[in-house]
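Here is what Swiss-Prot records for this protein:
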type     : residues      : note
DISULFID : Cys173-Cys182 : disulfide bond
DISULFID : Cys175-Cys191 : disulfide bond
DISULFID : Cys193-Cys202 : disulfide bond
DISULFID : Cys205-Cys225 : disulfide bond
DISULFID : Cys228-Cys240 : disulfide bond
DISULFID : Cys230-Cys247 : disulfide bond
DISULFID : Cys249-Cys258 : disulfide bond
DISULFID : Cys261-Cys275 : disulfide bond
DISULFID : Cys298-Cys384 : disulfide bond
DISULFID : Cys302-Cys386 : disulfide bond
DISULFID : Cys317-Cys442 : disulfide bond
DOMAIN   : 173-227       : domain 'Laminin EGF-like 1'
DOMAIN   : 228-277       : domain 'Laminin EGF-like 2'
DOMAIN   : 298-442       : domain 'NTR'
CARBOHYD : Asn78         : N-linked glycosylation site
CARBOHYD : Asn303        : N-linked glycosylation site
SIGNAL   : 1-34          : signal peptide
Amino acid sequence: MADYRTLFSPSGTGSAVTVLVALSLLLLLSQATSDPCYDPGGRPRFCLPPVTQLVGKAAAPCSQTCALPADSPDPVCNGTLTLDLDGSFLLTSVTLRFCTAGPPALVLSAAWAIGGPWRPLWRRPAWPGVLGGPKKVTFHSPPGPKTRIVASYLRVELGGKAGLVTTGVRGRCQCHGHAARCAARAQPPRCRCRHHTTGPGCESCRPSHRDWPWRPATPQHPHPCLPCQCHPIGATGGMCNQTSGQCSCKLGVTGLTCNHCGPGYQQSRSPRMPCQRIPEATTALATTPVASRSDPQCQGYCNVSVSSVHMNLQKYCQQDYVLHARVAESAQVSASSSLSSLSEAVGPEWWRLAVHVLAVFKQRAWPVRRGSQEAWVPRADLSCGCLRLRPGADYLLLGRAAENHTDPAHLILNRHSLALPWRPRWAGPLRRLQQKERGGACRGLLPPTRSPGPRN
C-alpha cells in the first residue's frame, strides 16, 4: 500500500515550486528574446532602437564658472558651442544646464555635417528689460514621423553671458525603422539590422535581397528587402542590382531574372551553360574530291578547292536551291537532247541522274518538287572530279540555276554546284534558315557575282 505522506512530503512541494520557477524563467526568456522587428507571426514590422544618452564633445569649450571663484573677472561663457555626436541620431531631447542665470537669448541648431547647413530647432529671443534666463533649458523633439530630427552635430548660440555646465543629449540611432538594437557608442554607431538590410544605419539591402530598391520602414509599411528572383540555372549567383533588381546572367542568358536565352542563342541541357550559340550549318567536303591533276584540261577547271563550307544566312540566301536528295541511278545521254545549247560551254556529253528529293530547304524560281526526278551533270565535271556521286547515297545539293538553258525545269548539277554527303545534324539549322527566309531575311542579300563557292 502506498504511503500518501510521501506524495505530499516537503520534497514534493519543492519540486512543484522548481517547475513553476523554471516555467517563469522560460516565459521571461521568450519575452526577452522576441524580436521587436517581427510580429508573433513572423511578419516584418516597423521598429526603433531604444532612446539612450548620447555622448558629445565640445568643439569650442567654455569655462566651467562653477569651479572658479565667485570674484573671477570673467566668470561666464559667451559665444557658440558645437557638439559632435559621433554619428547620425534621431534626437528626442536636448538639456542645457547653467550655473548662473541663463543667457537672455538662445538658439539651438542641428546639422548633418560640421559645415552645415544648420537647421534651427529652438529659439528664445531676448526680451527688453530681461537680464537673464532660467538655469535649465530643455528642448523636446515634436512627436510624429514627419517631424523627426536627424542630426550629427548640435550648435548652441548664447546671446549673452552665461555659465554653461552640462549639455545632455538623448536620442536613438538612425536605423531607418529596420533595427531595434544599436551600439550607440561605437564609431560610427552600428545598428543590428533586420529585414535583410545592411550598413551602419541599415541604409541598403543585402546583395541577395535586392529584388526591389531599398526604402526606409514606416509604421504603415515595414518595406523589408525582398530576395532576388534569380534563376537557379541561368544566373551566376543569387545577387542582383539594388536599383533595378537585374540578376547577373550567364553567357547567352538574358532577362531580369536570367530566365531565357538571348538572341542568337538556344537552350541546351547543360546547367553550366544553359544557353548555347546557335551554330551555323557547317558542311564537310571530306568525300568531295579535288580536280584530277593528271589531265591538263582539268587544271583550274573545278571551283571546289577546300574541304569545308560554313553555311550562314548570307550564303544561304545566295543559293538558288538547297536540297536533300538521294542518288538512285545514272544513264548516259548524248548532247543532242533539249540541253544541246549548253553542250558547247560545258562539254559534249551529259550524265542524267535519277535522284529522289527528300527535302527542299530553299526553293528556286522554277519549283523543285519532292520525289523522284532527273538531275543533269556535264560529263567533263564528273571526269575532272568536280562532283563524285555514288548511287544510293544521300547528298546536300547546293547551287545556282544554269544560265542560257532552254528548259528551266531541269535540275542542273555542274562544276559550280556542291554535292556534300548528307549529315542528319544539318536539318535543324537549315530549317531555321528557311524560316528566316520566309520572314523576309533574304531581302537585300543579292547573289554574288560568281557562283557560290566554299569558304576560303
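Just so you know, glycine gets a Cβ as well, placed from its N, Cα and C.
Sequence features, as recorded in Swiss-Prot, placed on the structure.
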| residue | record | Cβ within 10 Å |
| --- | --- | --- |
| Cys175 | disulfide bond | 30 |
| Cys202 | disulfide bond | 27 |
| Cys205 | disulfide bond | 27 |
| Cys228 | disulfide bond | 25 |
| Cys230 | disulfide bond | 24 |
| Cys249 | disulfide bond | 23 |
| Cys258 | disulfide bond | 24 |
| Cys317 | disulfide bond | 18 |
| Cys384 | disulfide bond | 23 |
| Cys442 | disulfide bond | 17 |
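Checking the disulfide-bonded residues (Cys228, Cys230, Cys247) against Cys258 (disulfide bond) with a 10 Å Cα-Cα cut-off leaves Cys230, Cys247. Counted with DSSP, the domain 'Laminin EGF-like 1' (173-227) comes out as 0 helix, 10 strand, 45 coil.
Put simply, Cys298 is the one of the disulfide-bonded residues Cys173, Cys182, Cys193, Cys298, Cys317 whose Cα lies nearest to the Cα of Cys386 (disulfide bond). When the disulfide-bonded residues Cys228, Cys230, Cys317, Cys384, Cys442 are screened for a Cα within 10 A of the Cα of Cys191 (disulfide bond), none qualifies. Within 10 Å (C-alpha to C-alpha) of Cys175 (disulfide bond) lie the following disulfide-bonded residues from Cys182, Cys193, Cys202, Cys225, Cys317, Cys384: Cys182, Cys193, Cys202. Around Cys173 (disulfide bond), the same-chain residues six or more apart in sequence whose CB sits under 8 Å from its CB are Pro49, Gly87, Ser88, Phe89, Leu90, Ala179, Cys182, Ala184, Pro189, Cys191, Gly201, listed in sequence order. Just so you know, the Cβ of Cys298 (disulfide bond) picks up 18 other Cβ atoms within 10 Å once every protein chain is counted.
In sequence order, the disulfide-bonded residues near Cys302 (disulfide bond) (Cα within 10 Å of its Cα) amount to none of Cys225, Cys240, Cys247, Cys249, Cys275.
Comparing Cys247 (disulfide bond) with Cys240 (disulfide bond), their Cα atoms are 4 Å apart once rounded. The two recorded residues, Cys275 (disulfide bond) and Cys442 (disulfide bond), show a Cα separation of 26 Å. Comparing the disulfide-bonded residues Cys191, Cys302, Cys386 on other C-beta atoms within 10 angstroms of each C-beta gives the minimum for Cys302. Non-local neighbourhood of Cys261 (disulfide bond): Gly252, Val253, Thr254, Gln267, Pro274, Cys275, each in the same chain, at least six residues away, with C-beta under 8 Å from its C-beta. A 10 Å cutoff on Cβ-Cβ distances gives Cys240 (disulfide bond) a total of 25 other Cβ atoms nearby, all chains included. Helix, strand and coil content of the domain 'Laminin EGF-like 2' (228-277), in residues and according to DSSP, is 0 helix, 19 strand, 31 coil.
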